[in-house]
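Per TrEMBL, these features apply:
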| type | residues | note |
| --- | --- | --- |
| DOMAIN | 1-107 | domain 'PH' |
| BINDING | 9-36, K417, K419, S505, R532 | substrate binding site |
| CARBOHYD | S169 | O-linked glycosylation site |
| BINDING | N290, E319, D321, E368 | Ca(2+) 3 binding site |
| COMPBIAS | 427-448 | compositional bias 'Acidic residues' |
| DOMAIN | 476-592 | domain 'PI-PLC Y-box' |
| DOMAIN | 592-721 | domain 'C2' |
| BINDING | D637, N661 | Ca(2+) 4 binding site |
Amino acid sequence: MQQGTLMRKVKSKSWKKQRYFKLQDDCMTIWYQSKKTGKIESAFSISDVETVREGHQSEVLQSLAEEFPPERCFTIVFYGRRGNLDLIAGSAEEAQCWVQGLRQLIEATSFPLISALVSRTWIRDWFQKADKNKDGRMNFKEVQRLLKMMNVDMNEDHALRLFQAADKSESGTLEGEEFVLFYKALTQRKEVLSLFQDFSEDGKKLTLLELVDFLQQEQLEDEGTEELAMELIDKYEPSETARARHVLSADGFLMYLCSPEGSIFNPQHRPLWQDMSQPLCHYFISSSHNTYLIEDQIRGQSSIEGYIRALKRGCRCLEVDCWDGPNGEPVVYHGHTFTSKIPFREVVSTLGKYAFKTSDYPVILSLENHCSMEQQEVLAQQLKAILGEQLLTTTTDGRVPTQLPSPEELKHKILLKGKKIGRLEDMLDGPEDEAPDVSDDDNGAEAEEERRRTKVIRTQHGPALQKDKESLAQALSDCVVYCKSVAFQGFQEARSHSRPSEISSLAEAKARKLIRDAGNEFVRHNAWQLTRIYPSGMRTDSSNYNPQEMWNVGCQLVALNFQTAGMEMDLCDGLFSQNGCCGYVLKPPFMRDEETLFNPSDPSSREGPGPVTLTIQVISGQQLPKVANSKVGAVIDPLVRVEIHGVPVDQAHQETKYIENNGFNPHWDETLQFQLHVPELALVRFVVEDYDKTSRNDFVGQFTLAFANIKPGYRHIHLLSKDGTSIPPSSLFVHIRITE
């Protein structure tokens with residue numbers, strides 16, 4: 001069909017509008033227009049699409065299952081927080097055509113080998129945008145318009161010189177390869193060429209030994225540099241002749257610097273690289289608050305999509321609020337509000353399906369149970385029936401644990417966090433009067449003290465035990481093993497009477513008070529037991545608190561509203577982007593010791609080497625995006641701010657000056673320096689903003705990573721949007737030095 005494929009765009013059971021969908025000639029853009037008005041409603045790039053789901057794999061399409069067969073239905077899932085696009089094709093054949101076509105395009109854009117093709121497509125796309133009269137040629141006036149579109153406010157004389165140099169046919173217009181020449185001249189990286197020539201004897205190529213010198217002296221590569229140099233030439237040198245001679249051209253050098261190997265993020269820390277055999281409490285664990293909500297806390301929509309998105313981002317602790325629902329079926333929603341409701345059964349099914357797609361390591365399901373005894377029985381039945389072997393219902397070895405098991409031991413297991421009748425040892429040891437298991441090697445006095453303490457604890461917990469039995473279904477209680485929820489009564493009380501398999505949840509304000517009053521005790525507590533932190537109930541807009549201060553005392557489960565973009569989620573994504581994005585990050589050694597002296601308010605209490613100095617030379621930026629909703633022709637005035645998030649004494653930020661009217665290739669050449677007293681806990685956030693002297697600066701892009709993952713040398717920082725999605729080809733070029 002000339003105008004595209006006619007399909008139904010669906011938003012709800014009653015909202016089904018017919019739209020024409022068409023893939024543009026660039027094979028990167030899809031737009032759709034109204035059948036009635038012909039007006040183009042929206043467009044999206046293939047690079048924005050994360051995946052395509054076939055059939056009734058959304059709540060909306062599930063509600064239409066009786067009306068439309070699954071063969072005609074599919075869902076386009078976008079990166080970040082953009083809502084999904086549910087579509088119903090006219091036939092199963094049309095649906096398959098779109099599903100398979102989209103998947104092939106998504107796969108193509110994910111391969112670095114076609115980056116040159118994509119770049120060429122990208123250049124052609126700019127040409128088509130600027131070619132106003134659509135004659136396949138571009139005159140100088142159209143070139144000036146293009147520069148504005150590309151975020152460049154260039155001197156007219158300089159622009160004219162570039163135009164005339166590219167106009168080989170001397171026709172007064174650019175076409176085809178002439179425009180490519182113009183674009184290359186426009187994007188020439190003088191700072192990279194200068195660096196290349198510093199190490200190249202003839203200024204035209206880097207020999208193998210010259211490249212080794214660069215890798216050792218500037219990139220601080222110290223192992224296998226000759227082998228690494230050979231790999232880089234084979235991988236990034238575009239000329240076959242140069243590859244055969246084992247040399248790297250200026251183009252190959254730039255491709256290397258823009259590659260993952262040239263990124264500020266240490267490529268060795270992207271995959272799983274940490275020890276995963278330590279107790280759960282020794283890890284920071286990616287955690288979500290009210291996971292079912294995808295909007296605000298009062299009227300927002302509850303959706304299984306919240307769980308899918310969180311799990312795909314590596315989240316390992318999810319929250320579910322359960323209430324009595326109709327027909328004996330429990331529902332999930334934010335109680336006593338106007339948020340919508342979803343069946344608990346659907347949440348558990350989604351968890352079973354997506355829990356281990358991104359990470360093999362355990363998922364903790366934090367259960368807020370508001371159900372009657374009858375529906376609690378249903379909760380337990382559904383958890384066991386749907387999750388089966390995935391649900392952990394006993395300890396890993398059948399014995400009372402003296403410490404929490406490791407992520408490695410709990411692979412592919414789902415742990416329920418909730419209230420429990422009695423203690424774990426009651427369930428495992430049998431009768432209450434049975435003595436704790438004591439080995440022959442145990443000191444007799446210590447064993448007797450343990451018996452006495454156990455007896456005291458059981459006496460103290462008698463009334464509470466009876467209350468739990470009256471309000472908690474035994475079947476649901478039995479599903480809780482390593483994460484029994486208990487009220488926090490103080491660190492001394494926890495040390496005396498609590499168990500490693502118990503966990504306390506604290507509101508952000510309570511946690512801050514404990515950090516101020518007893519920072520070291522908090523760190524010690526988190527060395528042997530889990531603590532979960534959650535946002536204040538006043539955050540009805542789903543805003544977030546700063547997670548860094550909670551990580552500073554070793555809190556593992558720092559729950560955030562994943563649906564809300566901002567600095568707080570940037571820090572969360574930055575911390576958990578390492579270690580295979582598995583949702584677990586090993587805490588520093590001084591936070592895993594129950595007798596540690598560390599207190600985040602006193603960095604001298606940390607055992608280990610002294611402070612380090614982080615020196616960042618912010619050199620340049622490339623093709624920075626325009627600010628959303630900016631005026632036509634507006635060009636940004638970019639500045640770069642570097643923020644250090646860590647212990648209080650390390651918290652700092654510095655910024656460059658702003659560059660007027662150049663978002664295309666701004667040059668700052670400014671050096672920023674920071675001293676870090678506890679680098680093991682530091683996160684570094686790079687933020688680009690559009691300077692505005694009359695109002696607040698506008699956000700342009702950011703990138704956040706743990707200090708431990710920084711790779712020194714000349715590095716590119718590939719910027720992310722406010723939603724945490726990549727915005728190619730936007731980047732910063734920096735030089736990093738770390739000294740003690």
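Even glycines carry a Cβ here, placed using N, Cα and C.
The structure, with features from TrEMBL marked on it.
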| residue | record | contacts (Cβ under 8 Å, 6+ apart) |
| --- | --- | --- |
| K9 | substrate binding site | K16, K17, Q18, R19, Y32, L85, D86, L87 |
| K13 | substrate binding site | V60, S63, L64 |
| N290 | Ca(2+) 3 binding site | Q297, E319, D321, H334, S542, N561 |
| K417 | substrate binding site | C317, I364, L365, S366, L367, V480, C483, S485, I503, R532 |
| D637 | Ca(2+) 4 binding site | Y658, I659, E660, N661, N662, D690, Y691, D692 |
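Within the set of binding-site residues F21, T29, Q33, E368, the entry lying nearest in space to S169 (O-linked glycosylation site) is T29 (CA atoms). Those same-chain residues not listed among N290, E319, D321, E368 yet with C-beta within 8 angstroms of the centroid of the Ca(2+) 3 site C-beta atoms are H289, T291, Y292, V320, V332, H334, S366. Listed binding-site residues: E319, D321, E368. The one with the lowest count of other Cβ atoms within 10 Å of its Cβ is E368.
Within the model, the domain 'PH' (1-107) shows a mean pLDDT value of 83, rounded to a whole number. Of all the recorded positions given, namely T29, Q33, S169, N661, the one with the smallest number of surrounding CB atoms inside 10 A is S169. T29 (substrate binding site) sits 43 Å from E368 (Ca(2+) 3 binding site), taking the Cα positions as reference. Helix, strand and coil counts from DSSP across the domain 'PI-PLC Y-box' (476-592) read 47 helix, 24 strand, 46 coil.
Across the structure, E368 (Ca(2+) 3 binding site) and F21 (substrate binding site) are spaced 43 Å apart at their Cα atoms. Counting every protein chain shown, the Cβ of F21 (substrate binding site) has 19 other Cβ atoms within 10 Å.
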